[in-house]
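Have a look at the structure below before the remarks.
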Amino acid sequence: MKGATAIINLKSLRHNLEKIQQYAPKSRLMAVVKANAYGHGLLTVAQALKNADYFSVARIEEALTLRSGGIIKPILLLEGFFSLEDLAVLQVNHIETVIHNFEQLVALEKVRLPEPVRVWMKIDTGMHRLGVRLEQADAFYQRLQNCPNVAKPIHIITHLSDVNPHHPVVTDQQIRSFDAFVQGKPGQKSIAASGAILLCPQSHRDVVRPGIALYGISPFEHFIGRDYGLLPVMTLQSPLIAVREHKAGETVGYAGEWISQTATFLGVLAIGYGDGYPQSAPTGTPVWINDRQVPIVGRVSMDMISVDLGRDATDKVGDRAVLWGDQLSLEKVASYIGYTAYELVSKLTGRVAISYVN
């Protein structure tokens, strides 16, 4: 009997890519597969997304994994390179890089490369995390233009801080700032990530960068992926390893924090915080088993979770429960725990088996 297993539906993944293309029909798609494709498996996900135009990752090791796995499409390093030595690796492996600070610019000017590298200049239009400040952007761009180690044309990218249709002022200002800077400059432009792809068509430029939406997950609170025509890609399952009679007044788990008010049956699932399921999940967090929702009770342990199956339960050892997936949205589970969906899906550990279906 397998323990915790993440079932990844590649057909749903490809559906989501097609749906995203419908939201941005004039843009190329840069599939964001950082953090092990948000916990879904970096290389297999990239291989399944054959219709993506580009891929992007956060770290150079992720990019090299894609190249060694046979991915030949352009790959962008979203945080850029971290050291001078990285530049030769990028050049040899034809990996494109974001440039967002003067230290990277100086490194590009100093290094000797047999061929130039492709860069995306990141400008800070309001996120205030990475990017060249607007008042420094013209001079920065000109130095890139003059640098023989930089392939031309230079592409330009930014990131929106808060896609909120009810308060669009900040987003609109960021878009205006971006458009003012890129006016008349050649090369590809990119603003929109998942949220802006779905709700902000005025931000769609040459390239859009779907991340969380690719995996069927809403980037917005109080909504699920299906609200936007997206399908969940991951279903996290685990088997019942015990079904126990439980008397009224008995506790369960560490510190006995939960006390049964009535006689019931408790089930024990083979999953815990050692698998990446949050220890902070409170009593009442939902689990799906045998066509119904049941609550977690007591503390999440390293390897196990207890659930209240009810006094009339007929569940058996070996029955599989869904922690999130088709029957129970990840967004709903995240809201119970107080996590974002981004955190929850990317926290799974290597102990969770991954199974791919088409």
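Heads up, the Cβ atoms here are built off N, Cα and C, so glycines get one too.
Bear in mind that the values here come from a model prediction, so they are computed numbers and not experimental data.
For K34 (active site, proton acceptor), other Cβ atoms within 10 Å of its Cβ number 19. In the three-state DSSP assignment, the secondary structure recorded for K34 (active site, proton acceptor) is helix. The active site, proton acceptor annotation in Swiss-Prot covers K34 (among others) and is backed by sequence analysis.
The feature N6-(pyridoxal phosphate)lysine is assigned by Swiss-Prot to K34.
Taken from Swiss-Prot, the feature substrate binding site covers R129, M302, and the record attributes it to sequence analysis. The Cβ of R129 (substrate binding site) lies under 8 Å from the Cβ of H159, each of which sits 6+ residues away along the same chain.
Per Swiss-Prot, active site, proton acceptor is recorded for Y254 (among others). For the recorded site, Y254 (active site, proton acceptor), the DSSP three-state label reads helix.
Counting only same-chain residues at least 6 apart in sequence, those with a Cβ under 8 Å from the Cβ of Y254 (active site, proton acceptor) are G298, R299, S301.
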